């Protein structure tokens, strides 16, 4: 029996579809780490351990990011009010999370600056600034205050950006310029809007999209790794890309990994355009504090007592009144009569000399650095005051800090 070439081709195509049923759209695109370099940063050997690997803890911290070995590139979709170009998820930042998903913040006051824009101007980075003003835009406040917040909160926790990692004749704040270039370069490798558009997912005020389709479109352009998406009231709000890193933040290789968080998006996602046709803004999330601040007590779950005004746990007196405020760039602040609250030397503290720490909420629980659990060495008795710490570092007594509104 003989078959025509056309018949053979048809059969071959059918067999191919059975063996490999994925369409071209479903094919996984290899992620290419951006070419990064810094003339002033310490050179790193080729066998530098990958962050969060078994050898990372004992490696040269100028060449292996630790403990913040998970780098997270984050993007906004701000549609009401519209922020940035209509066809761009704008840049939020690049964050060093710990390998367990927790994170540090505002780690090194000696690295903090008053103005990222002024530093970049001083270093002659006008072209970089022009680009940042188009793609790295906050939904409130000035661009410079936003960039400065990102540097002071996140970049000061990056071990590979310390002064000791740079040559002695490097210009002052060269690490900041290298960091800004890196954040922009990594951002440009993950164009969320184009990834979605190629899969037929575009902003539409009358449609919803399946969460699985959203994720497939993003994952297939990220080495098949799971991308993180966040929603507010069913509307897409942020997209996060997770990496491990081989080498320094400013000259290393970014290696995609799976999302280590959990998505807040429903099965059907709204993706409104930035032209104002997307309807009314979503209602405030239950976890968002009132703009004017909310007053209440901070109780200890499963235990007697509460926090007093200096931030210590006390069981024999009156609970302090805390004000829960809205932090300018996400999260919440806490203030008592003693002053702003923060985690200082590993313990929750409220004092007039403190910076206003950035906390978040999980329901009524107070979260710091991604950790909703807190700890102390013992339960206080009598007139004793006991300090509390985020995570398990404070001791064997574990609990949540619960904000109870008055």
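Using the three backbone atoms N, Cα and C, a Cβ is placed for every residue, glycine included.
From the options 268-295, 296-323, 324-351, the stretch Swiss-Prot describes as region 'Disordered' is 268-295. When the C-alpha distances from residue 231 (disulfide bond) to the recorded positions 62, 92, 99, 107 are tabulated, the minimum falls on 92. Put simply, of the active-site residues 92, 150, 154, the one whose Cα is nearest the Cα of residue 52 (disulfide bond) is 154. Among the recorded positions listed (44, 92, 107, 157, 265), 157 has its Cα nearest to the Cα of residue 99 (disulfide bond). Classification of residue 165 (disulfide bond) by DSSP places it within a helix. Of the candidate recorded positions, 107, 154, 299, the one lying closest to residue 265 (disulfide bond) when CA atoms are compared is 154. The secondary structure of residue 157 (disulfide bond), as reduced to three states from DSSP, is helical.
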